[in-house]
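TrEMBL has this to say about the protein:
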TRANSMEM  6-26  transmembrane segment
TRANSMEM  57-76  transmembrane segment
TRANSMEM  82-107  transmembrane segment
TRANSMEM  119-144  transmembrane segment
DOMAIN    380-625  domain 'Histidine kinase'
DOMAIN    643-762  domain 'Response regulatory'
CROSSLNK  Lys747  ubiquitin cross-link
Amino acid sequence: MAMPSAGFAVLFLAFFMVIALAVISLPESHYRLSSCSCDETEWDLEFLMHFQLGSDFLIALAYFSIPVELLYFISYSEVFPFWWVVAQFGAFIVLCGLTHFVAMWTYGPHTFKIMLIQTILKVLTALVSCATAISLVRIIPVLLHVKVRELFLKNKAEELDREVNFIRRQEEAERHTRILTQEIRRSIDKHTILAIMLEELGKTFQLENCTIWMPNSQKTAMELTHELKRRVLQVPVVVPADDELVKAVQGSTKALMVPVDSVLGVESSHEGAMLGSMLAIRLPILRCSNFKGGTPQRLDTAYAVMVLGLPKRSGREWGPNDLEIVETVADQVAVALSHAAILEESHRIQDLLVEQNKALHLVRQEAETAVLARNEFLVVMNHEMRTPLHSIKALSSLLQESDISPEQLAVVETVAKSSELLSTVINDMLDYSRLEDGSLDLDLRLFELPCVFRDAANFANPMARSKGLRFVLDLSSEIPKHVIGDEKRLLQVTLNLIGDAIKSTKQGSVVVKVWLDTKEDFSWDPQKPTWRPAFCDGFVFLRTEVQGTSMLADCGRSKLFQKFLQGENAMSGDHHGHSGSRSTMCEKIVKLTQLMSGHLWIENDGSGFGFVATFVVRLQLPTMSVSVPQKETIYRDALKGLKVLVTDDNLINRTVTKQLLENLGCQATVVESGRQCLATLAQPGSMYKLVLLDLWMPDMDGYEVAIRIQKNIHPERRPLIIALTADTDKSTQDRCLKVGMDGVVLKPVSLMEMSNKLCSILRRAKVYYNVR
């Protein structure tokens, strides 16, 4: 652009100079007004000169004002790179103005001086004009380039304005979205969230109506659940879920335009009002339930449809920014609905947990009440069952010390052994919770192993003979004579299995085989083949098999074996509904004794008519340092002449206890209440060394009597206080020692046990008082 402009300026200047030289070279006759007759015209010469004079003055004035104006406006510009060009133009314009100004004096007679000044000014004007024309050859291309740059910058400024407007629209969209998001997140209720969204969208876009369509439980139709403007008639409004527009909206992640005459567009209009431009977008609902206030529903991976309609009278259309705002709001609403669903589910679970906790609390209260009632029942049963057993055991022990025949002695010893076993069984039954949780303690002591099975045979033989059965006991010669274990538990399990075998056998025999298991010959339970005994040095595993050769009919089978035989008969359809409580008792006794490492199982013998009950227990072999126990001795010398006061409200117990003490050489006095006991001890000259107190007395229990004895009698004269009770729980014994009693004797008690217990208490008290 610069080079063509400069060439054009040079050509124009050259053409002007040629014309000027041609005019100057003409003779005077060509331009002189020799033929002009000014008098013949209507114009006066003086009148024309006045016009020329005025024109020269105005031209001069204009030429003088132009530099002033340039200097005025240029002074306000901080950067202007063409000061020298302005100076040339200023000089050229000023000289032109002076030339016209001096020419005002040339229209009349004038002096040579005026002519000289005009000539000088014209020469200077000619020089400055040529210099300015030459300068323009360089300046005009630069100015043209500046103009192009100006146009470029103008275009850039317009583009920048468009970008600024776009950013402002984005900020406006973000502001609307932020406001909507804040309003939506203020609530955690689905209905409130949707209502707020409709209200805020209506305010933002000045909507005519906005509707939300939810899929029904069968996903066959879209139901109108929320609307910006409520209808007068609240009737169900539905559109088919298989409508092409509905399917298109649900399948697209973007907002779609909705024709006004479509099914979705017509049903979204409020009370028949015609809507303008309409827009639809899907709303993901991860979990929606009870949107219509009815039965809770759950729809997984479902989409609702939101339709937005502008007023028709406004003539507005949805723009890109509007679509972006709607899509952003839809995403935020989807997140808010998912959060609301999660919170709703959390609240539902919390309510369910509260209800379950209430139910559990009621069940716990009922269980605690049942346990309390059971414990109270067990306490009563314990006392009521042990009280008569005390008489049996005590009297049988007295008969053992009397002069009777060997046959009678054998019978009495059987009765005594039975009473001991019955006492153990009562303990287990009354303390069933310890049996359930496996905390049952074993009474480990050295005993003769063959004697246990011989005692069991003494019990079993009369029972077998009464049914016409033959009882056989086969003891292996390899079993050790003495072992360490719980003699009573072993006898209890053996008698349970033998007794039920005799009941279950109609005819034939009951055979009991006892031998030691080894690693090589061990045979395991077919119903639980994973169980294996842990063989180790110092221990043996004793196997006992109780086999019956013939069974009764199904209705006559013992409940003991039904539970174990059900597993085998299930394949053949032989079902029984018995509980097998006693077998469960025996199994738990064996399984839950860790030191004995026991296992119990029952199976058919293969013939279909017999059975085999097997149990294996681990017993410890005695070391060389353990001495074989000798027959216990009754210590009568230490108790001879000892004055004892027996306090018991039961006449039989008082009589039996008195006989035991008198047989031991004691001087026993009996009273029937706690008040009589205190009155007897308060009598002058009372020298009782022992006081036996029954804890269960109606007027004043044994605890209260013991407290009053310690309060009323000086410690140096106070007798030893011993509780005589049938309560076997540890809490009773601890309470007795806590109130200051010196010992506890548990009912039932034999002569030998009474002797040993009293001597132990006396020795302990003697050491205590000597130290004190």
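Along the chain as shown, residues are numbered 1 onward.
For all residues, glycine too, the Cβ spot is worked out from N, Cα and C.
Owing to the predicted nature of the structure, the values given are computational and were not obtained by experimental measurement.
Model confidence over the domain 'Histidine kinase' (380-625) is summarised by a mean pLDDT of 72. Sorting the domain 'Response regulatory' (643-762) by DSSP state (H, G, I as helix; E, B as strand; all else coil) yields 53 helix, 25 strand, 42 coil. Cβ contacts within 10 Å of Lys747 (ubiquitin cross-link), excluding its own Cβ and spanning all protein chains shown: 24.
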